[in-house]
Each structure stands twice: as structure tokens, then as C-alpha cells.
Amino acid sequence: MTTHKLFLLSLGCSKNTVDSERLMAQAEASGIIFTETADEADTILINTCGFIEDAKEESITEILAAIDKKSEGTIQRLYVMGCLTELYRNELKEEMAEVDGFFGTRELPEILAALGAAYHEELYDHRSLLTPPHYTYLKIAEGCNRSCSFCSIPKIRGRYRSQPVEQLLREAILLKNSGVKELNIISQDISMFGYDTMGKSMLNDLVLRLSDMAFDWIRLLYAYPVNFPLEVIETMRERENICNYLDIPLQHCNDRILKSMNRGINKQESIQLIETVREKNPDIRLRTTMIAGYPGETREEFDELLEFVEANRFDRLGCFPYCHEEYAPSFALEDNVSAEEKQDRVAELMELQESVSQDKNRDFEGKEITVLIDQVEEGMAFGRTEYDAPEVDNECMLETGDFQVEPGMFCHARITDSTPFDLVGEVIGLV
């Protein structure tokens, strides 16, 4: 039986979002209609996240809610796919017999067949966007070859596999023609792009060719600090449509912890990388991510992390408590920092970053900048600068005045005020 009305719930990161969008395009080609709500559908498909405990719990909660709908007769069928299934397929099958099928992260044809749809190789480049139409993500690789001790992604997604450049360019053309203005380049590790196929980094070559397509903004996310091709920073400085922004998760600075994490980099090398990137492009904004409460992290080691963050003054920073993941190598270590202490350390680090962010945002006050509008409501426009990625970074809150502003438009704005994580101002012109 072909599923005519399907509700797809996509959980987790932007990589998962791309997987869902690819599936949607294939299914729509077979006549399947996607609904806005579960109540309109006869089938539910949940694309799960299984990266950390909170994500697992959210996925389980959504599956159980969908099972209730099936038991009530609201829907006829229920399927589950994605990272959680990749890790716990057998356990899920045993505990959730009401689910009609479980699929991993590399079973797109099988999922489509279960839904009553056909897989078409020629449609692989096509996606039905779940993001607003003016920005999206380009996933340039699958899997990961790194062996970070805290991470289960290699088990979930497999070894690193760069997507063919020509396929990525075809996909990018389709996205550009659909109206996408901001292209966010992602994978588990963009630094390694090309190493598995060409024996060297091909990231800069790809970025140059994407830049030639005249996207308004191209942004780099998920760069690993080891093997990052520094020529990309020079290209960023030279090409106006490549955002002066780099997301490069460092996770920690203490040498003992970095070694235990198997990050392949030490504190001094991290500092040198930061300094080199900033020297090559003084206008760049750096985003990073830190982990607090890694097994054995002492108060002194955490204080060292605080000092590192204060000294290097990252433009954007996220911090997460260490999660003791069953399928990560660090699960063999004793998880000896209490949950309460982990949360306290996260809060302390983010309080420090709040002060850094406030200082950096204050520098924008009185200046005129270009903003991409994401949302408009009741005389206010909400958008981002080139220094802010969707969903995770700062937001600009702008009074529109007499200007007719719509999502997806670029505008000139004057910044009049700021908070640690927002800029406030007014629209003074349209681009």
C-alpha cells in the first residue's frame, strides 16, 4: 500500500535535516504527500538523533507519542530511522513492537520501499527543504574517521566518505535556482574533505567553485582543528560571498584531557591555529565548542579551560556537559564528575563567555551592517549578520520603520544597542 499522507519528524542536527530533505524529494516523486501535522497523516516517520542522552530521550519520547497515535487509530503505520536506530535497532524492535519498521542511517532505498515509494538515483541531488527557503545546508561528506573518545558518530555514520565534487555542484545549482541565498557547508568534519578520494584536502577547491555560483553567503561549519586547510581562510578574505566565519570545535585545552579525548592536537597547537587564522583574516569570527566535566577533569584543569577561553576571546562559543555514551570509547573511563558539577561548570564557562560576547557585541553599536532577514512580525525584523550561523548564533532585532521587509531579504541596519547574544537596531535601507 502506498502511503499517501506522511508526517516526517526530523530530529537532531543539520546533517539529519539534509537526510530528511533528500528522503522527502524522493518520496514526493512517487506521489507521497507530506503533511504539516501528525493528525493529518496516515503514516509517521521519525528521523531520530542518538548522539547524546538528551537527544536519545527526545527521540524515545516522540516514538512513544507516535505509538499512542497508532494505538488510537489516528495513524495506520509508524516507521523510525536515523542515528538512534543505528545504535539500538534490536533493543528498539524488542521494546516497541508497534513500530512497523526500523532503518539506519544508510538505508534510504529500503525506507522508501517501506513507504511505498521508489528510489531514483537521478534524484539523489534533489531535496525538499525543511529550512526557510533562503538558507540551507550542503552536506559534503558522510561519516567520520576521527576517533574522538567521547563520540559515537563513527559507529553511527561509518567511515568518512567525501561526496563527489560534481554531485555537490549539481546539488548546489538546484539549491541556488530554488532561491537559496545562504549556503552552509557541513559534514562531521569538513577539514577532511577530499582526503579519502584525492589524498589531499579539496575543501578550498570546492569553496571556490561554490563561490563562483554567486550565492550571497557561503558559511563553513564543523571544521576539525587538525588538517584544516588554511588556504580556505585566504579565500575567505578574498571572496566577498564567503562569510568571515569559521566554526571549529576545540572541545578543551588541557593537554592531558585532549590526549585522552584523542583529539590529535595540544593546547599550544590550538593557540597557534587560532592566531594563524586571525592573522590571515583579521575580520574572521570564530565559533567553537567546549566540553565540561570530561572523566577525570579536575578543578585545576577546568580553571585552565576558563583561562583559555578568556585569553582567546572566541566570538561564539557553546559548552556542553560531558555525556557518558555507551558506544563511545570514553565509556571505558570512570564518569567521575557529578552531573551537578558538570552543569555548574557549563554555567560558569557560559557566564564567562557572556561577558566576552557582550564586549564584542558592544563594538557593533553605532555601526551600519548588512543583515539577512529570517523572520518578520509586527514591525520587527529578526535576522543575522554574516558572523552568525542559523539557529545557534546571535540574532539581530530590527525595527523596520517604513521599509517593506520580508524573510530572505538583505537589508542595511544601524545597530543602536546590544545584549550578550543579540544586536538591536533599525533598518535604514534595502540591499
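Cβ coordinates are placed from backbone N, Cα and C, and glycine is handled just like the others.
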[4Fe-4S] cluster 1 site partner of Cys49, Cys83 (as recorded in Swiss-Prot), chosen from Cys13, Cys144: Cys13
Between Cys49 ([4Fe-4S] cluster 1 binding site) and Cys151 ([4Fe-4S] cluster 2 binding site), the C-alpha gap once rounded to whole angstrom: 13
Cys49, Cys83, Cys144, Cys148, Cys151 as binding-site residues, winner by CB count within 10 A: Cys83
The domain 'TRAM' (362-429) - residue tally per DSSP class, helix then strand then coil: 1 helix, 38 strand, 29 coil
All-chain count of other Cβ atoms within 10 Å of Cys13 ([4Fe-4S] cluster 1 binding site): 17
